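Annotated in TrEMBL:
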- 1-158: domain 'Peptidase M12A' (DOMAIN)
- His58, His62, His68: Zn(2+) binding site (BINDING)
- Glu59: active site (ACT_SITE)
Amino acid sequence: MSTFHSKTCIRFVARSTQTDYISIENKDGCYSSLGRTGGKQVVSLNRYGCVYHGIVQHELNHALGFYHEQTRSDRDQYVKINWENISPDMAYNFQKQNTNNQNTPYDYGSVMHYGRTAFSIQPGLETITPIPDGTVEIGQRQGMSNTDILRINKLYGC
């Protein structure tokens, strides 16, 4: 959360009487609803596998209203989705969305971008291939990219 505080105007504070709030909980998996849902909004960060800077930032970005980078409506210029390699019950994670990209370029380095083999039907099969350069790294979870930070600042008027 310190990156949000130091690089954006987003502030996470302890809840007192707020009706709408984020509740970070140790549930099964790493997940968050998209955007403000109203009332208690659970962000699940299981202590075994989710408590890393990039994963925490990824889930909090969902809570702030950000989709996965590879679901951008213009993504076909930047990545090829290999539908035949995607587990059928996870295909929804790759559907294009009407995203608000804040007039920013496609960001292969976004903390919101899935890795090459995300939700693959078999280990090692690519579900996402960057184009035109198939060697570009995607799916990093080290932390927010400069473009991730820029988008937050633009969306929230920082």
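For all residues, glycine too, the Cβ spot is worked out from N, Cα and C.
Curation plays no part in TrEMBL annotations; they are all automatic predictions.
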Comparing local Cβ density (other Cβ atoms within 10 Å) for the binding-site residues His58, His62, His68 points to His58
Ordered by sequence, the long-range same-chain Cβ contacts of Glu59 (active site) under 8 Å (at least 6 apart) are Cys30, Tyr31, Ser32, Val43, Ser44, Leu45, Cys50
Per DSSP (three-state), His58 (Zn(2+) binding site) is helix
